[in-house]
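Visitor: Pasting a structure below so you can have a look.
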Amino acid sequence: MPLKRECFVLLVLSWVSSVRAQDENRVVFSLGTFQNVSVPVNGTVQAVVSRIPANVSFITLQFHTQRSNVTLSYFQVLVYGFSVTARDAGLLSTLIPSQTTLSWFLKTPDGSSAAGIGVILPYSSADPVPGACNQEFALEIDPNIYLQYNLFETTITFAPANIGYGRGEVPPACDKDTGSSTRWRLVYEVYQYFLPEGDLSEQSLISSMERVANVQNVRDNSRKVMSLSSHDRTQFSFNSLPGQGVIFSVIVRDPLLNTSASYIPVHTYACSFNSTLDGCSDLGRASTKVFFTLMGLAGLFVCFVGHRFFKCELFCMGFGFMAFLFFVLITRTTTLEYDIRLALTALMGVVGGVALVMSWWRFGSVMACVLVVGLILGFLVSSIAFFTPLGDIPIFHNDAVFWVVFVCIMVVVPLFFIRWPREGNIVACGVVGAYTLVLAVNAYTYTSLSYITLDVLKRFLNNNFSRAFISVPLQDIDFILITVWVVLGVSGIVLQLYREKSRPFFPPSPYVMWKQERERRKTNVLDPSHHKPSLSTRILGRIRQLTRRTEPAGETTPLLF
């Protein structure tokens, strides 16, 4: 009898503990209210919402984490086609008549713990149904935005929506007709929301997600990138910004009923928190920091005294010109590691700098060298032009149009150098030299200004980058660096114009001066150096003296007469 009593007590205790565990892993949501959710190790959390109003036809649940993937499922046991796994995951559930309660299940795919925020949003029968015409992904109705990124571009894809319908009604056909009474009347709007620069904290992401969760918040706080009809593709590419948090949102709008619904927002930093190489916490390589720090110091020198020390300026400009071209060439044609490519780029940059200096030293053609400097300034000016919203105009997504316009702007700038070579050279020193300081700062902390030239470099290296939208945010550090760039550039230009106003336009070529001096000595017979043998004759004579054998002297006794 005591044994049976003990067994009964153990059964009761186990039942109580299981009930308590289920209560601990059960989270009750309120419609439209964010809820913090923690998924335990090897555990499952049940998300429950009750008291659903009768005018609600469908509901979306979205759950967001910063680093861990989470699986959302309609059932506690995972079934293919009824669950989704992502950092930004969502499910859409249509309701049946008289239904007031709904539940979903959350777990991690690897059994680890995870924490994030979730929210449940209600929609009426007049609102469009996001992802209801899905024919590509596993879920029957998929409101998720699928994101992929690489070094160059970030691509988002989502399933088409359908027009709204009430509880218990048959969903309208997706592709039976293309009239105004079908889903083809729907319009899609794509938005971007940029997190604070350099802020990789989880709290920043959570607060930002709360600002873009529903339709009205997205419109109030995000930047609209584009609008498209139901006949357009639902896949878009954007410029990858490693280390910069970006949230992408899509709103589907029914222009006939003036209603809208939101897809599940998705975020990216274009880097991995779990990678030990090129992770989000270690984006700057030591080799990159050394390279751009030296470039920044050289740029400051060129900015303030580049024209005064013309040979040094030519070396720095030739270095940058050749290094850029060689980096593009070696990256497109080889698979070498980044550090090796950067070392070879620096080596070829030195060769380019020496070649430009020697071309001026040997031939004395100042105009040819200054035109190279003008092309570098033209490249920067053209890059700045396409860094503005001009670069996102659809016509410039065509490579042929882009490169023709880019090169035209780049070539026009050096034409001013023909008329004002000294002033143009000094302006190039100030503008280009000051910008290298921006690149040096970017090696240590994120700044959007580096993408002025980086976007053009990406377009050189990636054939598909032309389709990407390249807009980037300008935040506090960018405005500070713009001010520093302008102040340094203007100061360097004014200082050099003041110092060089009483000096010759350009220093003479040493080789040309030597040739002129040699001709002068040949024709001036009064010059003592005119009667002096040439350097080559003196060297050959000295060699003969050293190699000539000494003849015996013979009798040395003086003769007596």
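From the backbone N, Cα and C atoms, a Cβ is placed for every residue, glycine too.
Checked TrEMBL, it gives:
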- 293-497: domain 'TM7S3/TM198-like' (DOMAIN)
- 1-21: signal peptide (SIGNAL)
- 290-307: transmembrane segment (TRANSMEM)
- 314-334: transmembrane segment (TRANSMEM)
- 340-361: transmembrane segment (TRANSMEM)
- 368-388: transmembrane segment (TRANSMEM)
- 400-418: transmembrane segment (TRANSMEM)
- 425-446: transmembrane segment (TRANSMEM)
- 479-498: transmembrane segment (TRANSMEM)
Visitor: Thinking of Cβ pairs under 8 Å, which stretch from 290-307, 340-361, 368-388, 400-418, 425-446 has the most of them with the transmembrane segment (479-498)?
Guide: 425-446
Visitor: Can you tell me which parts of the same chain pack against the transmembrane segment (425-446), counting only residues 6+ beyond its ends and a CB-CB cutoff under 8 A?
Guide: 197-198, 243-244, 283-284, 288-289, 291-293, 295-304, 306-307, 313, 317, 320, 370, 373-374, 376-377, 380, 417, 452-453, 477, 481, 484-486, 488-493, 496-497, 500, 506
Visitor: At a C-beta cut-off of under 8 Å, are there same-chain residues at least 6 beyond the transmembrane segment (400-418) that contact it? List them, or none.
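Guide: Distant contacts of the transmembrane segment (400-418): 367, 370-371, 373-375, 377-379, 381-382, 385-386, 424-425, 456, 459, 466.
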Visitor: When the pLDDT values for the domain 'TM7S3/TM198-like' (293-497) are averaged, what is the result?
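Guide: Across the domain 'TM7S3/TM198-like' (293-497), the average pLDDT comes out at 88.
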Visitor: Is the transmembrane segment (290-307) packed against any residues at least 6 beyond its ends, judged by a Cβ distance under 8 Å, and which are they?
Guide: 313, 316-317, 319-320, 342, 346, 422, 425-426, 429-430, 432-437, 439-443, 488-489, 491-492, 495-496, 500
